[in-house]
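Input: a single structure, listed below in structure tokens.
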């Protein structure tokens, strides 16, 4: 008889212990159900990157002294720096700077070791494209145009297409009364 009572008491203890474990498991489940979802609907909602996020590199043309430190510290020798030596002022003049983000590993060495701080990491992470050649960013795509943009051969033809509001002085280096390539809105007739 004592054997049966012992079995019943063991069964009751086991049932209570099983209910306790099930209750603990359900409490964890309900805690997770009450939390906000971590998943975001990416194209419509975007998470804000952290302060030190290493995204696309921003380049400032005017600060660069063409020292090529960025090329030497890059593990894959990625930045392409084209420069000429100006004998009059005895300094290097930067002609072209480009980085191929299809190859870049975003280590940040170029930004860290740049002596003039002309390189900086942005929070931009959307670099996807259908053509890998679109990921090769030149000095204009990496940042802003140089101060002497009126002497840039790539920008000069585009400047002639610009329209100036009434009363504004003519653009630099254009003769007065020169024809624009396009028509003003009031010159267009249906």
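Each Cβ is built from the backbone N, Cα and C atoms, and glycine gets one as well.
Model, not experiment: these values are computed from the prediction.
According to Swiss-Prot, the protein carries these features:
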DOMAIN    55-84  domain '4Fe-4S ferredoxin-type 1'
BINDING   64, 67, 70, 114  [4Fe-4S] cluster 1 binding site
BINDING   74, 104, 107, 110  [4Fe-4S] cluster 2 binding site
DOMAIN    95-124  domain '4Fe-4S ferredoxin-type 2'
REGION    169-190  region 'Disordered'
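Location within the structure of each feature annotated in Swiss-Prot.
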residue : record                          : Cβ contacts under 8 Å, 6 or more apart
64      : [4Fe-4S] cluster 1 binding site : 94, 97, 116, 118
67      : [4Fe-4S] cluster 1 binding site : 92, 115, 116
70      : [4Fe-4S] cluster 1 binding site : 79, 81, 109, 110, 113, 114, 119
74      : [4Fe-4S] cluster 2 binding site : 107, 109, 110
104     : [4Fe-4S] cluster 2 binding site : 57, 76, 78
Per-residue pLDDT averaged over the domain '4Fe-4S ferredoxin-type 1' (55-84), given as an integer: 92
Residue among the binding-site residues 107, 110, 114 whose Cβ has the most other Cβ atoms within 10 Å: 110
Sorted by sequence, non-74, 104, 107, 110 residues with Cβ within 8 Å of centre, [4Fe-4S] cluster 2: 57, 70, 73, 75, 76, 78, 79, 99, 105, 106, 108, 109
Same-chain residue ranges lying at least 6 outside the domain '4Fe-4S ferredoxin-type 2' (95-124) that approach it to Cβ under 8 Å: 48-49, 53-65, 67, 69-70, 73-76, 78-84, 132, 135-139, 142
Residues within 8 Å of the 64, 67, 70, 114 Cβ centre (excluding the [4Fe-4S] cluster 1 site residues themselves): 65, 66, 68, 69, 81, 110, 115, 116, 118, 119
